[in-house]
């Protein structure tokens with residue numbers, strides 16, 4: 001039971017620390033014959049890459065992916081695909097304060113409590129930098145599910161939601177917030193920049209929609225598609241909540257309001273609603289799979305906070321250095337990657353049992 | 001990768017359909033020497049048992065558990081514990097309408113889409129009856145974590161929340177709603193009964209708190225305690241959303257508001273807040289683990305809904321028979337069981353790596 | 001990582017002790033739509049059943065299998081198949097000597113060393129009776145691989161081998177030894193009966209051949225077909241060695257002797273030898289899969305042996321009661337079952353990755 | 001179920017092809033605080049390294065290991081340990097004959113049959129070069145089990161066995177055959193060199209003894225120590241058979257001959273024999289764990305063999321290039337590594353369940 005591995009038949013294992021020489025992923029179970037290349041994976045990493053605007057951390061790294069195994073003449077061979085990203089901007093800084101005291105909201109204390117000590121440089125293994133490996137693996141997973149389109153976007157920052165009437169998918173790639181509403185972009189620019197200047201941070205909500213998922217993926221009872229997606233998303237750094245379809249709102253509906261009535265359609269049933277978010281009984285219905293994921297505000301802030309030292313003494317700590325004022329923004333590409341990985345996994349798992 | 005198995009080193013596998021001869025769980029990896037008996041497990045099943053009030057389904061079954069293996073002279077031996085519950089009230093009814101048409105919101109269509117056909121009697125494997133097996137397994141898991149107390153309760157039905165000021169844990173076992181607020185009980189009696197009389201149904205939110213969890217349980221990156229809990233809860237029938245700690249509310253806080261400052265304490269650090277819900281970086285902090293789980297309204301309602309037949313013809317279907325007007329109520333004991341199973345699993349997993 | 005579960009995508013979990021109320025298996029991942037019934041499984045259990053001749057233990061049990069879940073109208077539904085066999089001949093005997101002292105060659109001491117205590121009645125979980133659950137699961141697995149024929153037989157008892165010239169598959173089901181050589185049957189009758197009368201026991205070698213396995217099953221590097229088969233067979237009670245193809249004899253051949261030359265054939269290549277036993281690089285070649293499995297002599301013998309008590313005192317112990325004079329004989333149906341389970345698993349696993 | 005991953009709670013995943021840029025292993029589940037370094041791992045790789053004598057392949061590579069993650073200040077942190085070995089001697093040669101025709105005894109045909117095509121350069125993923133990654137991982141695993149000493153040696157080449165009377169462990173590291181008998185070394189020098197000059201190859205038997213394993217490791221029923229060891233060894237390239245303890249010889253003994261009588265001892269029981277090879281009922285007895293592993297002769301030989309092309313035409317193929325005349329020799333360090341990995345895994349698994 002590798003705790004650094006995710007997936008059922010398509011499995012990926014990640015490794016690496018924030019300030020080690022490199023980080024990477026090994027993706028196993030990929031079907032043979034798929035076209036993959038470093039060039040095709042790179043754009044997904046670029047989308048997640050830090051340092052591209054003042055709304056993300058100023059750590060600047062090319063995050064260039066190398067394929068070390070699993071392909072031959074540009075195609076997957078069915079053997080494990082090893083992906084590596086070298087760390088190039090491990091700025092030599094003084095970590096003595098973080099080494100000695102626990103940053104509230106971070107994993108500093110819990111890693112020490114669990115393992116007895118920790119690699120404190122940049123958060124070590126608990127750094128969100130690890131998600132680069134997921135994004136690389138997710139780019140390969142997309143090749144397994146060409147029938148599916150995945151779109152993740154930020155729909156709320158610091159409590160300020162997008163206007164659903166102004167939703168324009170073409171906007172998502174046009175602004176630093178992965179935001180589909182150009183009016184919200186204006187507001188968020190100020191909102192996030194203000195938080196940054198205050199030395200504070202903001203939370204965000206990411207929404208993800210996968211269309212083209214056929215009915216029948218997902219494996220009850222303990223391999224339900226929604227349960228696997230919940231685990232995938234809750235495991236992303238800073239995520240504290242996950243909804244499928246209407247989520248918490250469904251708990252406030254009556255049965256007849258929450259139903260997704262079915263009607264005869266050209267290719268299988270047509271549904272006149274999608275409260276369920278495309279999943280019933282843990283199996284995809286053929287409707288879009290819809291999720292919402294809540295990211296807490298970045299724990300690293302310049303405002304000093306009460307905390308304790310490793311020796312248990314009271315102290316105050318402000319986290320200097322380069323940080324995302326809203327970690328949820330760069331969460332969108334990671335959410336997309338995890339969605340791709342889970343769906344590809346379930347496509348293959350379904351094929352195993354049901355041919 | 002058994003999809004009917006859950007857990008990492010403490011693993012349980014469930015089997016059984018709503019209207020088969022029996023259902024059960026096999027729990028593997030349990031430490032030897034723990035005292036367990038049918039008598040000790042039964043009260044947990046009784047709490048989940050249907051037919052105890054007019055607010056739950058009128059299916060009446062004793063849900064008597066039998067231990068078929070894994071114990072000797074009243075103690076666990078370290079071998080798999082087989083737990084069986086016989087189905088006794090499989091009322092012979094006419095299932096021809098459900099056999100022919102798909103109930104919206106149910107897994108009828110998705111099971112057919114996945115497997116080609118289905119056991120339509122009472123929902124077959126997709127019935128919430130399967131959760132009885134989890135509750136039985138959870139009762140054993142509790143023995144592995146005597147240091148932990150787990151309490152789940154319903155904190156919202158049909159959008160009507162409890163009053164936190166009126167919170168009284170002693171109330172939880174005193175009413176049919178697992179409700180800690182005696183004033184809410186009064187309101188809910190009418191609310192649920194009205195929905196039942198209308199042939200409709202209501203959603204609910206269950207909250208679960210585990211105290212006594214030491215710092216250090218949980219295994220980053222893909223065995224995070226919160227990710228495993230999210231999967232565990234999202235996999236319960238009718239669940240559509242999961243929050244850890246402040247959950248979605250955290251996305252609306254600023255960094256300094258969401259911090260959980262640490263102070264020197266007698267036995268490790270003391271925290272002056274618990275926005276994180278007891279988990280940081282996927283590892284327990286030593287604070288209470290807090291979750292909120294949203295249940296959709298029961299999909300089985302008497303109000304006819306548009307749907308299609310297996311042959312793809314338009315029809316209308318009302319689900320006759322015995323149903324819970326609010327399936328979330330009986331979700332509380334299941335949530336407790338899953339919490340116990342995940343925590344016990346992580347206690348053992350932590351012991352494997354960290355001694 | 002359930003240690004009472006075997007398989008990758010087709011997984012089975014067994015439970016039960018020799019003298020508990022029942023034992024069973026839960027088989028998960030089985031494709032939907034396969035015809036199975038208690039009547040179709042029973043003959044495989046009957047082949048393994050004790051008490052059918054004086055050459056096996058005189059414990060007499062019908063070993064009647066019940067299907068508790070996973071089928072509907074005679075066909076598998078894709079949900080877990082729960083198979084149960086009730087124990088009916090748990091003769092009430094005095095186990096005080098076995099409870100107090102360790103039988104050499106048995107798991108008595110090791111279970112105590114591992115778990116602190118044990119269910120000593122009939123060996124508890126370590127009893128070969130557990131293999132009945134595998135045979136039942138194996139009977140279902142055969143339905144998944146109708147293209148494959150599996151034949152296991154005893155080829156050596158107490159060092160006395162069959163004559164390959166006299167090999168007649170039709171003989172295998174005609175004698176109590178699963179022996180394909182009618183002349184060896186005559187010799188073995190006396191050999192085994194003499195050992196029985198002496199209160200001693202004999203070892204045996206079982207050979208298993210699976211024909212019809214297409215090229216391409218097996219998953220390098222750590223899911224190799226031969227490695228999975230080795231684990232499957234070595235895990236059978238009393239097995240101490242496993243060979244694929246020529247096995248140890250291959251270590252004495254030169255490269256050109258051990259080669260399996262290939263020639264053009266009607267349906268893929270034809271091989272002019274099968275030293276490899278049908279597996280190259282962990283993947284099936286399309287030739288018959290051939291294994292040989294060595295069973296040690298039954299450890300339970302009437303001849304007193306030096307041993308110690310639980311308290312560490314020297315004593316002597318003779319194992320009274322009903323025992324197989326040659327446990328390898330009834331191993332043949334178990335070997336067949338494990339072969340079926342591994343091959344079915346790899347058929348499905350191959351389908352997952354390679355379509 | 002990653003098929004390139006091995007282990008239960010201590011899990012390692014390997015990746016890489018013979019002629020790719022690098023190969024490696026990711027080891028997960030390792031306890032924190034163990035001292036590891038590239039310098040400490042390197043000697044184990046050097047023992048397996050090719051090109052050190054004329055009795056092994058003349059491919060010359062430094063096989064220098066890099067630790068890319070999982071350590072901090074020289075100690076393991078509990079996070080995944082990524083080990084990489086760069087390929088430096090991928091001699092540019094003409095692979096057109098191997099690309100077009102299948103080498104008998106190799107995985108060429110089976111990889112094509114499974115995946116549709118293959119990386120034919122040096123055998124791609126099926127090359128024994130992959131075992132370097134296991135040896136590196138095994139070097140780390142040894143740190144987890146300081147109480148255990150593991151010794152593997154070649155006890156037979158081409159049918160010529162060592163003399164047990166001449167057994168001298170000090171000899172093992174003193175000759176290119178890992179041979180404990182200096183007289184056999186003399187004979188083998190000529191034997192192997194003659195085979196090499198003939199363009200032929202020889203098989204070998206490796207024996208492995210682990211002392212210091214306490215009683216209680218191993219997890220019945222499907223996580224038996226011997227079953228896991230059998231899978232570990234059978235999965236090594238060219239292995240065709242595996243024995244525990246007396247193995248096939250046990251099948252020729254009577255019950256009283258095969259017993260391992262127990263006597264009172266200073267620290268637990270003392271056994272007056274070890275036919276069982278240190279394992280009973282799948283659990284270690286406290287005696288040395290003893291295995292014998294048969295390696296077939298290297299399939300790559302200069303003597304032309306009948307085979308077919310990818311298009312199914314008859315042809316003849318001799319494998320030119322650099323090859324081990326006896327691949328079993330360099331198997332010894334791999335056997336040691338797998339023994340270390342399995343034992344370390346079971347130590348941790350035992351700790352999970354039994355504290």
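A Cβ is built for glycine as well, from the same backbone N, Cα and C atoms used for every other residue.
As written in TrEMBL, here are the features:
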- B:48, B:54: NADP(+) binding site (BINDING)
- B:125, B:126, B:127, B:237, B:238, B:281, B:296, B:297, B:298, B:299, B:300, B:322: FMN binding site (BINDING)
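Feature map: annotations from TrEMBL on the structure.
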residue : record               : Cβ contacts under 8 Å, 6 or more apart
B:48    : NADP(+) binding site : B:63, B:131, B:132, B:135, B:330, B:333, B:334
B:54    : NADP(+) binding site : B:193, B:196
B:125   : FMN binding site     : B:16, B:17, B:18, B:111, B:119
B:127   : FMN binding site     : B:17, B:18, B:237
B:238   : FMN binding site     : B:128, B:295, B:296, B:298, B:299, B:327, B:328, B:331
B:300   : FMN binding site     : B:103, B:106, B:201, B:319, B:321, B:323
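Proximity to chain A, defined as a CB-CB distance below 8 A, holds for B:125, B:296, B:298 out of the binding-site residues B:125, B:127, B:238, B:296, B:298.
According to DSSP, residue B:54 (NADP(+) binding site) is assigned to coil rather than to any helix or strand. Take the CB of residue B:296 (FMN binding site) and look out to 10 A: across all protein chains shown you find 31 other CB atoms. Listed binding-site residues (B:125, B:127, B:238, B:296, B:298, B:300) with a CB under 8 Å from any chain C CB: B:125. DSSP assigns residue B:298 (FMN binding site) to coil in the three-state reduction, outside any helix or strand. Note on residue B:298 (FMN binding site): other Cβ atoms within 10 Å of its Cβ, all shown chains, come to 29.
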